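Enquirer: In case it helps, TrEMBL gives these features for our protein:
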| type | residues | note |
| --- | --- | --- |
| DOMAIN | 204-233 | domain '4Fe-4S ferredoxin-type' |
| TRANSMEM | 427-447 | transmembrane segment |
| TRANSMEM | 491-511 | transmembrane segment |
| TRANSMEM | 532-554 | transmembrane segment |
| TRANSMEM | 574-599 | transmembrane segment |
| TRANSMEM | 606-627 | transmembrane segment |
| TRANSMEM | 647-668 | transmembrane segment |
Amino acid sequence: MGSAWSSELVEWVRGSAVGAGFDLCGVAGAPASGESEGVLTAERFSEWVAGGRAGEMEYLKRRDEAGELLRRSARVAMPWVRSVVVCALNYHAEGPLSVDAAAKGAGWIGRYAWSGGEDGEPVDYHDDLMRRLKVVEAGLVARVSSETLQTKCYVDTGPLLERDFAARAGVGWVGKNTCVINQGVGSWLLLGVIVCSLEVETEAAALVAADRCGSCTRCIEACPTGALVASREMDASLCIAYLTIEKKGAIAEELREKMGRQVFGCDICQDVCPWNRKAPVGDHVGFRARGELVNPSLDWLGGMSADEFRRWFKGSPLERTKRHRVQRNVAIAMGNSGDESFVPKLMEWAGGEDAVLAESAGWALRRLGLLASRQRAWMLSEDVKKSEAEPEVKPIEAVKPTVREDGAWPQVKALAMYMASTEVHTYAFSVAANVILSLFPFIVLLLTLAQKVFHSPAMVAVVGDLLRTILPNNQDFIVRNMTSLVHPHGSTRVFSVVMLLITSTGVFLPLEVALNNVWGVKENRNYLQNQMVSLGLAAAVGALAMASVALATGQQRITTWIFFGHTDNIFFNFLAGGVLKICAVVMSVLLFFLIYWVLPHRKIPAMAVLPTAIVIGLSWEVAKYLYVLALPHLDFESVYGPFKVSVGLMMWAFLSGLMLLAGAHFSATRYTLRLAREAEAE
C-alpha cells in the first residue's frame, strides 16, 4: 500500500473507525517541530505552560533531554510520527444540563463520567476508547502490510495536542471554550488517536474544519471562575474540571464559592453552547447514563464508605480522582448549597484526620453560616459520630440569626435577635410560674431535712441565711412562714414532696425544649424520660443546697471556735457572711451548669457550657442586686396587694429564665466559633 496515506486508505480508516463504534474519524499530518499545528502552535503552547496555566498537570510540562516540551510537537517525543488518526466518540447522554435547576442538595458529575455498561457497571472511557482504537489499529496494520509501518494508540496520555489534530483532521473546530465542536454532533466528544509513520500529503489540508463560533461568546461569559481568559485560551488552573479532578490538596478559597455544586468535572461551557442545543444522544453500549450519577445527592456521595466508593466507581473516571478528593469537592458543594442539613456530615469531616478535607469542611460550615444558633449541639462535639440511636439533628427554622465572624458585636447582635424573635419569653414565663409552685415545697423539705434528719438548729439557721442570700425580696417573711409550717404539720411535708414531683417537670420541661432549640436538637425526651431527668435535677439541686448548708454550718462552728464564742462582732459577721455568699454563688453556678449540661437531649461537651455557667452565675448575683434596688420603684404592692411577694418572686424567676437561656445561646456561639477557628488553623 506504500508509505503514505491515499484517499482510498483514508476512507477505509474512517469506515473502520465507525465500525469500531466511533462517530467521527479523520487523518491529519504531524508537522515537524516549530511548524504550525493549529490553534495551539508550538510557540503558544510553550507560552501557555510558562504562564502557569497548566496548573499542577505535570505531564503537560514534561521535556526531552534537550529541554523541549514533549507536547510542543508530536515529533519531539516520537520523531518517526508523520500522521495522526483522530477518532471521536459522542458520549452525549439523555439527561438534564448542569445549568438547569436541580433538586435541593444535588451535586453535579461531568456528563462523560455518567457512563455505565449494560450491566450497570461503571465504564472508564480511557479503557473503552483504547479497546476500539486497537481494533482500528489492527485493521490498519493488516491493510498496509508494511514492515516499516509504526503505530501507537493514545487516549489522553500521548505527548501530543489531540484537539489541534482533530481540527486538522476535519473532526471539528476548536471552539472558544477550547472544546472540539462538530457541526452535526456538537462538542460532547471523547478523542482517541493513533499516531502513525505514514506520510500525509494534500489530504489533510483539504479537511481542516472551518471555525463556526462566529461572534458568540456565551461560553466565555458563563464560565464561573473566568478560566476562559480569551477566545480559545483557557487557564486550566482556574477551570472547575481541573480543580475537581486534577487539583491535589486544598482548592484556593477564592474559587470555592464559584464552583457551585460541581463535584467532578464541569459542563457549563458546553451546556450553554448553541451547537449543543440539538446535539444527538449517543447510542453506545458502555456510555449510557447511570441514573444515580445524574444530579447526584450530595448526602449520598458524601456518606459513601471506602468500600461503597470502590463498588460504585471501580473502573470509572472518579476512581482515578480517589475518594478523599471527591469528598473534598462534595464538602465545597455542600457549603455552596445553602442547605444546613449538611452540617452534621461537615462537622464530622471538620474533626477528621484528613487535613485537606477538614479545612474544606470548615470553610463550608462558615459558608453555610454554620454558627446559626439552632445548630450548636451537633456541631460542637469534637468526637461527634452520628448514630442511628441518637435523634436526628435538623435546623429549627424559627431561629434565624447567624454569626459568621469573630468579635463581641456580631455575637451580641445574634443574641439580641435570638431573644427578640423566638419563643424564649414564653419558655421563661412557663419556668417562672412553675418555680413559684416548686419553691415553697422545696424550702419546706430543706428545713425538714435540717430539723428532722440532721437535728441541727444551726443548719436550720443556715437554711434561713441561705434563703435570705438567694431570694431577692421579703426573705424574712418567707423564711418565718416556711419554718412555722415544718414542725407541727407532717402532712405539709408529704404534700411538699408530691408538689415537687409534679412541678419539677414543669420547671425543667420548658427549659429542655428551649435548650434543644438552641442546640438544634429535633426531638425532645418523652414524658417518662423528662420526669426522670427532672427528678434527678431536683435531687441534685437539693443535694447542692444541703451541701452548701452543711459547709456553711461547719464554717460557722469553726469560726465560732476561733473567736472563742464571741460571735457578736463585725469580723465574725463579715467572715460568716462572706462564706455564706460564696456558698450561694457556687451553688448557683453549679445549678446553671447542670441545667446547661444535662437538659439538652444530646451530649454536650462540658467545656462548652462551664465558662458560661460561671459567667451567668456571677451575673445572676449582680442582676439580683440591681433587681432589689429596683423593687421599691416597681411598687408591686399597689397593684397586687397581698400577692406582692409571689409576684416579685415570679418576676425575678422570669428574668432568671431569660438570663439562663441567653447564656445557653451565648455558650453555643462561643464554642462554635472556637471550633471554626481550630478547623481553619488546621
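Backbone N, Cα and C atoms are what each Cβ position is placed from, and that goes for glycine too.
Have a look at these and tell me how they're positioned relative to everything else.
Expert: Per-residue pLDDT, averaged along the domain '4Fe-4S ferredoxin-type' (204-233), amounts to 86 for this model.
If you look at the transmembrane segment (606-627), the same-chain residues 6 or more away from its ends with a CB under 8 A from one of its CBs are 380, 472, 584-585, 588-593, 596-597, 652, 655-656, 659-660, 662-664, 666-668, 670-671.
Tertiary neighbourhood of the transmembrane segment (647-668): same-chain residues 373, 376-377, 380, 411, 414-415, 418-419, 424-425, 427-429, 431-433, 435-436, 439, 471-474, 511, 514-515, 518-519, 592, 595-596, 608-609, 611-613, 615-616, 619-620, 623-624, 627, 631, 634, 636, 639-640, selected by CB-CB distance under 8 Å and a gap of 6+ residues from either end.
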